[in-house]
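Some features that Swiss-Prot has for this protein:
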ZN_FING   12-53  zinc finger
MOD_RES   Arg98  asymmetric dimethylarginine
MOD_RES   Arg109  asymmetric dimethylarginine
CROSSLNK  Lys195  ubiquitin cross-link
MOD_RES   Ser200  phosphoserine
CROSSLNK  Lys224  ubiquitin cross-link
CROSSLNK  Lys225  ubiquitin cross-link
Amino acid sequence: MALPAGPADAICALCQRAPREPVRADCGHRFCRACVVRFWAEEDGPFPCPECADDCWQRAVEPSRPPLSRRLLALEEAAAAPARDGPASEAALQLLCRADGDPLCSACRMAAGPEPPEWEPRWRKALRGKENKGSVEIMRKDLNDARDLHGQAESAAAVWKGHVMDRRKKALTDYKKLRAFFVEEEEHFLQEAEKDEGASEDDELADPADRFRSLLQAVSELEKKHRNLGLSMLLQ
């Protein structure tokens, strides 16, 4: 049942904070109503106290269920029974072996020798299972985020690959144009040289120094023209 806010030192045994809409089990432990509902949200029963595993709340939904004291007495009687492998009642199987996870009755635990197997209450294992489930959900979310980032990286790589291919095609086209221009200018230069050579044969009295200076000037103008054209094409 719901209780008013208790003293300052009364905290919820699950969230370790002051209880909100506090409820109290008959064993004395206090909890937030939301914490208890969330703790047993996926369980059909039994409903022991989340802190001490007392079955006071289970008796509220099962009035015919024997109290914890009588169940402990049944465990003691089972422990004193001589037959270890005999059929055990459901009330006696309240422990789980840490080694293999099978139910462990008190008779088996007492007959295990000087070093009995480690055991834990079932409700502790249920709580650990809920914690593991939360960890799995976090790992699944991180995995989905990593997949999204991987997809974004692949998309960006595809875009940059397209840009690189476009620049490569443009550079190849400019190179072909420049090469064709050089071939054309080379043919034009050879034709001019042949004309100058024919003119020099007709004019044997011309000064060789003048003809050399004229040829050198033509070569300089051609080199300057080629250089300017190459720079203009590279800067496009």
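We number each residue from 1, going along the chain as drawn.
Cβ atoms here come from the backbone N, Cα and C positions, even for glycine.
Rounded to a whole number, the C-alpha distance linking Lys195 (ubiquitin cross-link) with Lys224 (ubiquitin cross-link) is 22 angstrom. Note on the zinc finger (12-53): mean pLDDT across this stretch is 75. DSSP assigns Lys224 (ubiquitin cross-link) to a helix.
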